[in-house]
Amino acid sequence: MVKVVKVYYDDEVSMDILKDKTVAVIGYGNQGEAQAKNMRDSGVHVILGLRPSGSSWKRAEKDGFEVYTIEEAVKRADIVHILIPDLVQPKVYREHIEPYLREGQALGFSHGFNIHYKQIVPPEYVDVIMVAPKSPGKRVREKYLEGFGVPALVAVYQDYTGNAKDLALAMAKAIGCTRAGVIETTFKDETESDLIGEQLVLVGGLIELIKKGFEVLVELGYPPELAYFEACNEAKLIMDLIYERGFTGMLKAVSDTAKYGGLTVGPKVIDDHVKENMKKFAERVRSGEFAKEWISKADKASEVLEELMKPIEEHEIEKVGRFIRKMSGLER
């Protein structure tokens with residue numbers, strides 16, 4: 001059964017609940033900087049909670065924010081919005097946030113991983129909400145400055161005060177997301193669909209599809225540069241068309257030859273066997289097996305990722321890609 005979602009827009013959401021409240025954004029990276037700036041520009045009192053030795057402290061001060069240690073920011077805040085990487089969140093939460101929480105505060109997240117997989121277990125006397133813009137931080141900020149916004153997801157995990165949903169929607173509006181539209185979801189659905197999408201398509205599947213297409217062309221004797229153009233470079237053009245017009249709009253924009261070849265051969269390459277394989281790995285996410293595996297590597301995540309990236313970094317497609325990007329003026 002397909003779930004029906006509720007979408008909220010700008011004129012349906014009030015920011016009144018944020019009046020006289022302080023939002024402490026924990027972290028000043030990709031999302032932290034964008035969300036903090038947008039909320040501040042929307043009239044919300046925003047402070048930053050950062051490590052004193054961190055490089056982002058001075059940058060946040062330069063950007064005009066009040067910056068405190070994480071502990072002090074939590075003490076001063078009504079809403080503690082945690083925007084640091086998934087694997088470091090539990091330790092930071094246990095040591096620097098949880099001991100200073102008080103009744104009626106709210107914990108905010110932009111990804112449900114640690115709540116859904118019980119790496120963070122909040123006390124019962126706080127609200128727990130999620131506001132998850134569906135774009136990188138840079139675009140979240142750019143679209144806000146253009147007078148628009150990016151779509152977002154909102155969810156409530158724990159509603160101690162009875163106002164958690166209104167709070168999440170108000171924060172989404174302050175970030176600019178209700179200008180585009182905000183979809184109500186759950187921590188479970190956001191977390192699992194995000195991980196499944198990353199692994200099957202956006203990061204895992206896409207890289208392997210492009211890489212294997214490149215390898216086939218090269219193995220058949222075509223120059224690597226031509227292979228790169230056909231398997232990788234032009235993928236952006238197609239994705240831009242899909243992003244702007246959908247599948248049908250993209251197909252109407254390409255040549256009839258490309259259309260016929262793609263529609264007749266594509267389903268035979270990405271066939272039901274591939275779909276079944278996708279379902280198998282989606283179940284690893286749904287069962288918690290993937291999370292358990294990734295969490296077990298938390299202490300050595302950098303080394304693990306470095307090792308996993310080596311074959312990609314050393315692949316011929318990367319060497320050729322650098323050459324093509326220089327030709328295109330994208331790299332020096």
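Keep in mind that glycine also has a Cβ here, set from the backbone N, Cα and C atoms.
The candidate list Gly108, Gly112, Gly137 contains one residue that Swiss-Prot assigns to the NADP(+) site with Tyr28, Gly29, Asn30, Gln31, Arg51, Ser56, Asp86, Leu87, Val88, Gln89, namely Gly137. Sorting the binding-site residues Asn30, Ser255 by the number of other Cβ atoms within 10 Å puts Asn30 first.
When each of the binding-site residues Asp86, Asp194, Glu198, Glu230, Glu234 is scored by how many other Cβ atoms sit within 10 Å of its Cβ, Glu234 comes out lowest.
When the Cα atoms are compared, Asn30 (NADP(+) binding site) and His111 (active site) turn out to be 13 Å apart. Shown for the domain 'KARI C-terminal knotted' (186-331): DSSP residue counts in helix, strand and coil, namely 127 helix, 0 strand, 19 coil.
Separating the Cα atoms of Glu234 (Mg(2+) 2 binding site) and His111 (active site) is a whole-number distance of 31 Å. Here is what falls inside 10 Å of the CA of Asp86 (NADP(+) binding site) among the recorded positions His111, Asp194, Glu198: His111.
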